[in-house]
Amino acid sequence: MTHRFLEACRKQPVDRLPVWMMRQAGRYQPSYRAVRANVGFLELCRSPELIAQVTVAPIDEFGFDAAILFSDILVHLPAMGLDLSFEKGEKGKGDGGPKIANPVRTRADVDALKVPAPKKDLPYVLDGVRAIRAALRDRVPLIGFVGGPFTVASYAVEGGSQGFTRLKTMLYAEPRTAHALFEKLTQAAIVQIEEQIAAGAQAAQIFESWLGELDRADLEEFAFPYLARIAEAVKRTGVPSIFFSTGTTAHLEPISKLGYDVVSVDWRIPIDEARRRAPGVAIQGNMDSTVLLGPKEVAVERALSIVRAAGREPGYIFNLGHGIQPGTPTETVKAVVDAVHAFAWK
């Protein structure tokens, strides 16, 4: 079966624009909140049955053109030797941010990290992928994902605190330690995404959310080489690859040459400019998720303005510039999806 999302990833013509949204399974959904009323976040991430339930729900509720595996970019850290937990939020069930009790601070800490073996250490993720594929019945494709090395390192080194001071200091004070850490995290990302694809994921997104913290020189030394290796690993599997980051539009040209099929951009760049500056890749994005918190009519018009600006050329996927925020009205999400699907050039 041909899927318009996968065709758009490969810059092929589609019958209508594909749309999905980051965090399309999340706290804005009553169905998700009902699940979370009974289980903690990590408990949810470790239940294949619940992973499938919350992953498939947005497809049924909103008609998205792709599902994305429900998991977390840090779910593998315990297998690497780090003590991961999620702070208690308002509901007391781990809705808050991640905390790492034994953060990575020294070369000895890096050397002690183990590269996970997903079949042994993360079977619930792979079983979740298989359960999702069975539940979807090929209605839409499934996107697997991992976190990028810098973003995962920011949590592993900082321990959950806000900011990037310790990690960025490591780049300058102990560059060999930083490279050793990024090497371990790159290996971890590659084995995870390869196993997700082997289990049935039909595309792969790399979330390098905090890459905008780095300048060009640091990107070229500490980020781009590792990200290119992940892209090459995905390419060997034959499924499309998507790169996501925020705050990096100044570096769009080199990012578009890392080897990914799709580059997902945030709202800080006009979508037509992104397409001009990165002609070799498909573009995904890029509505500010905060727009969805405003009037429904405003969100629909903003979405359509982005679609028009993206132009007629194949290789465009409508998405947000970041994840859907808690409190977003579900009727607004549905209205935007329907409007993008109904759009046609006159």
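Glycine residues also receive a Cβ, built from the backbone N, Cα and C atoms like all the rest.
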Arg23, Gln24, Ala25, Gly26, Arg27, Asp72, Tyr155, Ser209 bind substrate per Swiss-Prot; candidate in His322, His341 listed for that same site: His322
Residue pair Asp72 (site 'Transition state stabilizer'), Arg23 (substrate binding site) - Cα distance, angstrom, rounded: 11
Cβ neighbours within the same chain of Ala25 (substrate binding site) - under 8 Å, at least six residues apart: Tyr32, Val54, Thr55, Ala57, Pro58, Ile68, Phe70
Cα-Cα distance, maximum over Arg23, Gln24, Ala25, Gly26, Arg27, Asp72, Tyr155, Ser209, His322, record's substrate binders, Å: 23
